[in-house]
Amino acid sequence: MHAISDITDWNTQSIQSLGHFNIQHEKITCFGLEIHNIQVEPLTTLAQLDDLYQHFNIFFPLNIKNAGLIRQLEFFTGRLAAKYALHDLNLQDYIIHQGHQGEPIWPDAVIGSISHVSHQRLCCAIAYAQNHNCADKTFGIDIESKKCQTLFQQNDEIYHVFLSEDEQAALANTGFKKPDLYLLVFSAKESVIKAFYIKYKQIIDFKSIRFDGIVDDFIWFRIHLGSSLKNTIVTKVHFFDTDNEIITISCI
């Protein structure tokens, strides 16, 4: 794992004041990018979660208020991770609103990405934010629970959603265990979709991102935007894992 962890909190006192919640924060440095990892547990009522939204001054949109507890927890955890990321830019008081696609609206001249995953009453989220200019590389991040490997074991049809037949054949020759590798590639493609949207404000589908090899802790892809080779972008995705999750970081 080529990530460096730092558990120093700017908001430790605030978190400790919520003694009935377990909120953990970790900073991961990877690719020169600082990613904030938040874990929240346990929550049993919507009222408890509403207290957290108010305590951390996180925007609570109506569509999320009308959702179930787990969706509300996912949204909160992602936005809290984003708040930590914005603190690095001295923008921790900025309130992140939602765009038309549900995407976070970052401050002017700032780009970022959020991803979250939940199982039972536990939710994990990662986020980054950085000052941006047009010459900078753009990153996309994704986090997935290792427990999702069971889904891939039980349902072969799911592979066809994000992999072509040629890709499945190529993956079969890598020597990796099938469920592990397929979950990893799924997460990697998710991170590429996010990075591409951040940079070009366009949504691409899974089949436009074609597996091109795996070397050490990097997966290579070709993004096909048309029939011409000139419309192909080569990109790589770094991956590593924690005890329970897989994290992927793409760079375009």
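Each residue, glycine too, has its Cβ placed from N, Cα and C.
Record features (TrEMBL):
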- Arg71, Arg79, Ser115, His116, Asp142, Glu190, Lys194: CoA binding site (BINDING)
- Asp142, Ile143, Glu144: Mg(2+) binding site (BINDING)
- 64-126: domain '4'-phosphopantetheinyl transferase N-terminal' (DOMAIN)
- 139-227: domain '4'-phosphopantetheinyl transferase' (DOMAIN)
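Here the CA atom of Lys194 (CoA binding site) lies 12 Å from the CA atom of Ile143 (Mg(2+) binding site). In sequence order, Ser115, Ser187, Ala188, Glu190, Ser191, Lys194, Ile247, Thr248 are the residues of the chain that are 6 or more apart from Asp142 (CoA binding site) and have a CB within less than 8 Å of its CB. Sorted by the number of other CB atoms within 10 A, the binding-site residues Arg71, Arg79, His116, Lys194 start with Arg71, the lowest.
Remark: secondary structure over the domain '4'-phosphopantetheinyl transferase' (139-227) totals 50 helix, 21 strand, 18 coil, with classes taken from DSSP.
For Glu144 (Mg(2+) binding site), the same-chain residues lying six or more positions away in sequence with a CB closer than 8 A to its CB are Val117, Leu183, Phe186, Ser187, Glu190, Glu245, Ile246. Ser115 (CoA binding site) counts 25 other C-beta atoms within 10 Å of its own C-beta, drawing on all protein chains shown. In the domain '4'-phosphopantetheinyl transferase N-terminal' (64-126), helix, strand and coil residues by DSSP number 21 helix, 19 strand, 23 coil. Counting other CB atoms no more than 10 Å from each candidate's CB, the binding-site residues Ile143, Glu190 peak at Ile143. For the domain '4'-phosphopantetheinyl transferase N-terminal' (64-126), the predicted model reports an average pLDDT of 92.
Highlighted in sequence order, Ser115, Val117, Ile126, Ile141, Ser145, Ser187, Glu190, Ser191, Glu245, Ile246, Ile247, Thr248 have their Cβ within 8 Å of the centre of the Cβ atoms of Asp142, Ile143, Glu144, the residues recorded for Mg(2+), and are not part of that set. Of all Cα pairs drawn from Arg71, Arg79, Ser115, His116, Asp142, Glu190, Lys194, which the record names as binding CoA, the longest spans 20 Å.
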